[in-house]
Amino acid sequence: MRHGSIPGTRGHVRPLALLGDPVLHAPCEEVTDHGPELARLVEDMFATMYAANGVGLAANQIGVPLRVFVYDCPDDEDVRHVGHVVNPRLIEADGVVLRGPEGCLSLPGLEAGTERYDRAVVEGFTTDGEPVRVLGTGWFARCLQHECDHLDGGVYVDRVSGWRHRRVMRQAARAPWNRQRAPEPR
C-alpha cells in the first residue's frame, strides 16, 4: 500500500466466509512472500471490510488462510486507528476484563457479550516487511484480540459460554445467511 493512499480504494470486494466455513475454523499460515500479491490482498481486505461496514477483517474471512488482518477501528476515546498487520502475534492482553457486545462480519447481524481484556499489544509486519507494533485500548483492544483469534481458527462465539453461547448459536441457526453451515447449539 502506498504511503498516504486511502486503503481499499483500489481493492475489490470479495465474498465473506460465514460461520461454519472450514477456513474460519483452522489456523492460518504464516505469510512468506511480501510481494505485490500481498499488497493486493490487503487492498481487497480493506475494500471488503468497508463494504460490509466492519471495523476489522482477517484474511480467512475472505477465504484466504494467511496470517493477515486489517482494521479501521476507534478506541474508547474515539481516536481512529487504521492499518494492517502481517503475521501478527498478540504479545500482551491485559488490564481489566470487560464483557461487551461483540459481532463479526462472518456472523452478520448477530452479537453476544464477550469477555476481552481492555488492553492489547500486537506485533507483526507491514506488507513491505517492516516491523510494526500496535497498542490498543478499549474497543480497539477488543478488535485486535478478535482478529488474532480469527487467524488462530477461532470466532468470538468460541469465547462465549452458557446461555449466551446457546442464544447466539440458535440465532445463527435461524439467520437468513445460514445455509446449514452453523454448528448445532451446545
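Counting starts with 1 at the first residue shown.
From the backbone N, Cα and C atoms, a Cβ is placed for every residue, glycine too.
If you check Swiss-Prot, you get these features:
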type: BINDING; residues: Cys104, His146, His150; note: Fe cation binding site
type: ACT_SITE; residues: Glu147; note: active site
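Structure with Swiss-Prot features highlighted.
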{"residue": "Cys104", "record": "Fe cation binding site", "CB count, 10 Å": "25"}
{"residue": "His146", "record": "Fe cation binding site", "CB count, 10 Å": "25"}
{"residue": "Glu147", "record": "active site", "CB count, 10 Å": "24"}
{"residue": "His150", "record": "Fe cation binding site", "CB count, 10 Å": "25"}
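Cys104 (Fe cation binding site) sits 10 Å from the residue listed as 'active site', taking the CA atoms of both as reference points.
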